[in-house]
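Everything on this sheet refers to the single structure shown next.
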Amino acid sequence: MSSRPEFLAPPEIFYDDSEARKYTSSSRIVEIQARLSERALELLALPEDDVPRFLLDIGCGSGLSGETISENGHQWIGLDISASMLNVAVEREVEGDLLLGDMGQGLGIRPGVIDGAISISAVQWLCNADKSSHEPRLRLKAFFGSLYRCLSRGARAVFQVYPESIAQRELILRHALQAGFGGGLVVDYPHSTKKRKEFLVLTCGSVPTSINDGHKESGSDDDDDDSEDEENGMVCVSDRNRPRKKQRTNKKGKGREWVLRKKEQSRRKGNDVPADSKYTARKRKSRF
């Protein structure tokens, strides 16, 4: 039987009082959470101007990743579905504000107020139908749609995920792109079974997506980037952006001026030529 918690029970049930305290008291888990949170903040690529940002921690649990955000000088708000986890966070007197809620029902946050979002080991829970009313596709759509709205334009969201399969990974990424995000998947230590970690790095708005910003040195060549990724065990698996509408181009270069010139030549020959209008030379759509 698999030991992955999302296969055992819904998160609000699995992380009861006992499990929440056991999770938070494990020095190994605390260390892993801190390391993953640092990496997520690195991939957020926040401006280095010493200005605190307002970040969202999705699936914040007992506030372990929130502590990393606070240590980096930023303000944060945390959302989690487990009341027991949030109670432990309150007892630990974390600096962030806490919300009890189900991310699969959307985020009740005002539009454009969040400067960045991180999530550690939480988003894959949305792929499970824990209740008869749960439809993973609808829950992912509600989550990514509301996240896109609450982020400021140009902000990033970084999710560390443990997808069960390639199909599940594609399901998550597809709904993120459909919500309007650009971005892709970053895999750290792809050839290691134990160290391998996947991060979904998303950008809100029409801003060019650069997955490896956190590890690039300015002025470095492509060869240097490849070697640096090798040394750090980090590699970009996919870099996908939301498709844009194709620009209408006339392959033969026959624009409006060319058509008007040809019509005038035809008139001089005495031919019956339709009058010019704003629709002259406009390309017709293949369908209505």
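For all residues, glycine too, the Cβ spot is worked out from N, Cα and C.
Features of the protein shown, as given by TrEMBL:
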COMPBIAS  220-232  compositional bias 'Acidic residues'
COMPBIAS  242-254  compositional bias 'Basic residues'
COMPBIAS  255-271  compositional bias 'Basic and acidic residues'
DOMAIN    56-158  domain 'Methyltransferase type 11'
DOMAIN    202-285  domain '18S rRNA (guanine(1575)-N(7))-methyltransferase Bud23 C-terminal'
REGION    211-288  region 'Disordered'
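Helix, strand and coil residue tallies for the domain 'Methyltransferase type 11' (56-158), in that order: 40 helix, 28 strand, 35 coil [DSSP]. For the domain '18S rRNA (guanine(1575)-N(7))-methyltransferase Bud23 C-terminal' (202-285), the model gives a mean pLDDT of 61.
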